[in-house]
C-alpha cells in the first residue's frame, strides 16, 4: 500500500508479538488477534516495534512475523515495519531487506539508543537510512526510552528528505504543535502516546500509533469521530474515561499489561520475553478491571501516583 493509504490511517496499532510459554513466536495466534484489531477500528498495523518486543526479536524472526501478518491482513490495511536499530549499517542492511521483502507502506526507524548521538549524528543516521532504499521512512522519537531527543529543528531538516514521510512523536505537545505548524504539508505526524491522542488530534496530528487500540479501539474511534465532527464535549467526556485506562496499560513495563488483558479476553498473546516479565497476578487483575470494566476503585489502586516505568 502507498503513502496515500497510510495518510488515511488515524489509529495504527503497534502490534504485540504473541509468544508460546517457551518463548517461541506463536504464529497460530496471529489470525485471531489481527481480526480482532480490524473489527475494532484499527486502520493500520505496525510490526516489530517496541510493543512487539523488538529488542528480543532477531531479524529472521521479524521477517517471519512480517510474512505471517501479511498473509492474514491480505492488503486490507497498510502495514509499517520496524526497521531501525542503534547501528546505522545494520539499519541500512535491514531496511534494504524489508524493501525487497515488500508489502509495507513504510518503515519505522527509532532514534539510536544507548550511543547518545548528537543532533548531527541523528540527522546523518536517518538521512543515510532514507537514502539506502525506496522504502519510505517514519522516524520514531521517544527520548524516554532512548535517552536522547531529536529536536524539532533537526526533525524539520529531515522532513525535507523526499523519503522521510513522517514521525511517531513521543516528546511534548509543545514540540508536536511546533512540528505541525512548520512541517512540509505532506509530512505525517503521529503521536505515540495514547493519553495524548485527544490533544494531538486537536492540534492537527494525523493520528496515533497505539497500544491501547488492542483493547480500546472502539472508544478511540468514537473519540476521533467526535473530534472530526467538532463535538468537543463528547470527545472530552470519552477522553476523561480513557485516561485511567491508558495509565493502567502503562503502569507496568509494556507490553505486559496489554498482553495480560488480551490473554484474559481469550486471545493467545502469551508471556513476554525476558528481560520483560508478566505483571504480578494482583496487579494484572487490577489492570484488567480498569481497562476492560472501567472499575473506578481498581483505577484508584492501579494508577494513582503511578510513574510510567518506561520513562
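Backbone N, Cα and C atoms are what each Cβ position is placed from, and that goes for glycine too.
The site 'Part of a proton relay during catalysis' annotation in Swiss-Prot covers 50 (among others). The Cβ of residue 50 (site 'Part of a proton relay during catalysis') lies under 8 Å from the Cβ of 14, 142, 145, 254, each of these being in the same chain and 6 or more residues away along the sequence. In the three-state DSSP scheme, residue 50 (site 'Part of a proton relay during catalysis') is classed as helix.
Feature annotation from Swiss-Prot assigns pyruvate binding site to 51, 209; the stated evidence is sequence analysis. The number of other CB atoms found within 10 A of the CB of residue 51 (pyruvate binding site), across every protein chain shown, is 22.
Residue 114 (site 'Part of a proton relay during catalysis') carries neither a helix nor a strand DSSP state and counts as coil. Residue 114 (site 'Part of a proton relay during catalysis') counts 9 other C-beta atoms within 10 Å of its own C-beta, drawing on all protein chains shown. Positions annotated as site 'Part of a proton relay during catalysis' by Swiss-Prot: 114 (among others).
Annotated active site, proton donor/acceptor per Swiss-Prot: 140, in sequence order, evidence recorded as sequence analysis. Of all the Cβ atoms in the protein chains shown, 24 others lie within 10 Å of the Cβ of residue 140 (active site, proton donor/acceptor).
Every protein chain shown contributes to the tally, and the Cβ of residue 168 (active site, schiff-base intermediate with substrate) ends up with 27 other Cβ atoms within 10 Å. The active site, schiff-base intermediate with substrate annotation in Swiss-Prot covers 168, and the record cites sequence analysis as its basis.
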(message) For a quick check of packing: other C-beta atoms within 10 Å of the C-beta of residue 209 (pyruvate binding site), how many?
(response) 30
(request) Filter the recorded positions 51, 114, 140, 209 down to those whose C-alpha lies within 10 angstroms of the C-alpha of residue 168 (active site, schiff-base intermediate with substrate); answer none if the list is empty. (result) 140, 209
(request) Pop the Cα-Cα gap between residue 114 (site 'Part of a proton relay during catalysis') and residue 209 (pyruvate binding site) into the table, whole Å please. (result) 23
(request) Determine, to the nearest whole angstrom, how far the Cα atom of residue 114 (site 'Part of a proton relay during catalysis') is from the Cα atom of residue 140 (active site, proton donor/acceptor). (result) 15
